[in-house]
Amino acid sequence: MPSARLLVLFGSQTGTAQDVSERLGREARRRQLSCRVEALDSYPVVNLINEPVVIFVCATAGQGDPPDNMKSFWRFIFRRSLPSTALRQMDFAVLGLGDSSYAKFNFVAKKLHRRLLQLGGSALLPVCLGDDQHELGPDAAIDPWLQDLWEKVLGPHPVPLNLGLNPPGVPWPSKFTLQFLKDTPTSGPEELCVAGTDPQGPPSELQPFLAPMVSNQRVTGPSHFQDVRLIEFDISGSGMSFAAGDVVLIQPENTASHVQQFCQALGLDPEQHFTLQPREPGVTCPAQLPQPCSMRRLVSQYLDIASVPRRSFFELLACLSPHELEREKLREFSSAQGQEELCEYCTRPRRTALEVLCDFPHTAAAIPPDYLLDLLPLIRPRAFSIASSLRAHPSRLQILVAVVQYRTRLREPRRGLCSSWLASLDPVQGPVRVPLWVRSGGLTFPKTPGVPVIMVGPGTGVAPFRAAIQERVAQGETGNVLFFGCRRRDQDFYWEAEWEQLQARGCLTLVTAFSREQEQQAYVQHRLRALGPLVWELLDGRGARFYLAGNAKHMPADVCDTLLSIFREEGGLSAPDATAYLAQLQRTRRFQTETWA
């Protein structure tokens, strides 16, 4: 290796890969290594030919998909025109983050590792496969892998004796400093400030559209275990357009009570305004954050105080704590040996960052404001399938939201930040505006007239198919087959009247599975198998497209197994040929999925 310069590139969907990458950066700097940490799509990928040592940290999203912030890199690195010697000067290592309950566990990391070898790169280590399913989480694989990594990286470049390692208990410098203002700015209502790019451009994360909420209606029965909402927004004048299969991203907020509790715990004045200054050159401030900003706005709209904190949170808290007993406990939680106890205290019961800070009051009260953005991640936007078509509902956008609430051993129920926030908004009580923008989704529907579609969407997985059916019916397409499943017809049968009306008009074939209405539970895969001859005829005889949306845990695998049995029994294919047939449907995008955990 010609240099000890290190580059860490990450592809992150939920923030875990970014957190691991920043941990790598801290450990590198503690070892006196020059290190940059960047998102893959923010890095000029053509510069890879000049990088001596690169660590790639990649999550796997959906069904083996790359995260959104590495999709451009992914397309580039798999270009067939790239020469096999393109990266011959580069030593690399790949750290993957995934969930072994999914069929394509760590698919992105494994595939990237192979591709980098094909392009001439030299692997420092075998690919690391972090697993969410491990009782200690991905750190169970990451900790020993990192030890081996530093030995490989530092082998040719030992730390000079006069430098040594920076002590692990000393806090690293904060990324930013907060410059508090003496006077409150008089620039108008702060809540209407939007960090901006071109105001004429389409809405985006940097400039969301503040969409008026038109209605917020519960669509499950009063005795149903889950609160599911059909929410409609007015997008007139937004410049947004979307097609069936697209998604809307919504930027949620923390509750006012949690904001007040956080400010009290840390001794912060919610009305105090500040500007943010990077501590090092080359570091940019979060583009979404207005300058100046009030502490109330920072905590309510940006800092994810309701997230379950990661190990790095405890590591930094331990460095900042002035209280001996609290500091010892925090050090234990951040150590490799303390991961089982951390899992029991925090990860398993889903304890939030705010709750942890309240458990360590002396430490919380001593946190310098400069460290707030190092300690807590920014609130990430949540994606929802769009459940309506502009052809059926002009200037409107609808979503179907299952409100997340469940119990652990903690006294307070656990609540999903975005779904609970949306459920709390009531446009009947007064105007409500929600920051949102749209992007292309994972499902694309046929543009060629006459192509039938088979859609399997149990529960809220039916949302994108409502948009597709509305769009296709408006275009005169009648080859629409929908398999819908729920618990009970009278409790969670979303859009029952709409489906029945379309069926009466000959625009839809609806097949339902109500799992709790008979002694033997029936699911969509059972209905699919019962109609095997129709499914085979549509797929093999009429070139139909097959779509699947819903919970990723068991349903996708069950549906795929059912399809394989249909191909064998109705199509007369051998087991290997049935598997190849399904793979061909997936490769040609005649079989598409959109699933979530």
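Keep in mind that glycine also has a Cβ here, set from the backbone N, Cα and C atoms.
Remember, TrEMBL labels are computer predictions, not curated facts.
Residues or ranges marked as domain 'Flavodoxin-like' in TrEMBL: 6-150.
TrEMBL lists 12-17, 59-62, 97-106, D132 with the feature FMN binding site.
Annotation source TrEMBL lists domain 'FAD-binding FR-type' at 206-446.
Around R350 (FAD binding site), a 10 Å sphere centred on its CB holds 16 further CB atoms from the protein chains shown. Per TrEMBL, the feature FAD binding site maps to R350, R382, A383, F384, S385, G416, L417, C418, S419, W596.
The Cβ neighbour count for A522 (NADP(+) binding site), using a 10 Å radius and every protein chain shown, is 16. Sequence annotations record features per position, and here TrEMBL assigns NADP(+) binding site to T460, S515, R516, Q521, A522, Y523, V524, Q525, D558.
Checked against S419 (FAD binding site) by C-alpha proximity, the binding-site residues S12, G15, Y102, F105, D558 yield G15 as the nearest. Here the Cβ of D99 (FMN binding site) has 19 other Cβ atoms within 10 Å, regardless of which shown protein chain they belong to.
Broken down by DSSP into helix, strand and coil, the domain 'Flavodoxin-like' (6-150) contains 58 helix, 34 strand, 53 coil. Geometry remark: L417 (FAD binding site) versus F105 (FMN binding site), CA distance 27 Å. Taking S385, T460, A522, V524 as the binding-site residues under consideration, the smallest Cα distance to G15 (FMN binding site) is found for S385. Nearest in space to D99 (FMN binding site), taking C-alpha to C-alpha distance over the binding-site residues S385, R516, A522, D558, is D558.
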